[in-house]
């Protein structure tokens, strides 16, 4: 009997799709689901069919899921998952084939850890954000590389009674696979997720925060980039490839505004070019992605903690125990002094950041 096909549309309430998929997985059956490289097959790891799923990866929502399986997530992998998913990106992490997670049949875990790693996926599709948080736990995912739901279902026979169809999908894309360990990362299978983007996404993110993101934090961003580029012997725009990404934002900023003229001039005196800077407001996504948040004043740090409790790292003050006053409305000498203080205090963090790149 052919499977029931649910036609997905982004204009349709996803709740019924989510409920039906959950029910089918709980019943031990395979579900065909739209992925980013054609259709994928999903199965609960406790299902009798789980060990027969070809080359299974594990479908997860983010970096907090692998530890539930006893798989540690190195910092680079956490950054990739948080910043890069959903996308055609597979993150492969070392795992012990004998350390079977609680509730998993040994045969399913053996299939997943067939070569000593577990491959984690979060495919790019509009339904993913609704489905994954609703699942009771990680499920197995197998790439079928088929363009239609019916073609993807055919090899599984009666094990598939439900297929979610999003019409014809591209099958010329392949996920990029990145193996990550505490020793670093490497691309083990080239695909549609660019390797240079992996470099960017695994980089440490330093975020400077002020009020409007037109004076102090752009100065700090520019000066930090100039100092790091000098220490690492590379152009400032190559810093992400060297492992560090320097950004700035404002707690009361409007997006798209330039740095003030006097900030641009002061930055230039200290070897930094911020002429192309455009302001951005702080948001929870930016904070959560950051590894270091450096605030100009206590009030900025307090605003971040109050508005976004528990999001991202706790803000540190650039000047230690002191605030960095806003130079707005003052003359060139005040801006020059502000830039001088920024350069002095950025130096306190420099060794920590350079060490992370080496």
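Keep in mind that glycine also has a Cβ here, set from the backbone N, Cα and C atoms.
Quick look at what TrEMBL lists:
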DOMAIN    15-193  domain 'YrdC-like'
ACT_SITE  210  active site, nucleophile
ACT_SITE  216  active site
ACT_SITE  326  active site, proton donor
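Residue 326 (active site, proton donor) has a Cβ environment of 16 other Cβ atoms inside 10 Å. When secondary structure is read from DSSP and collapsed to three states, residue 216 (active site) falls in the helix class. If you take every residue in the domain 'YrdC-like' (15-193) and average the pLDDT, you get 94.
In the three-state DSSP classification, residue 326 (active site, proton donor) falls within coil. In this view, residue 216 (active site) is surrounded by 31 other Cβ atoms within 10 Å of its Cβ, with every protein chain counted.
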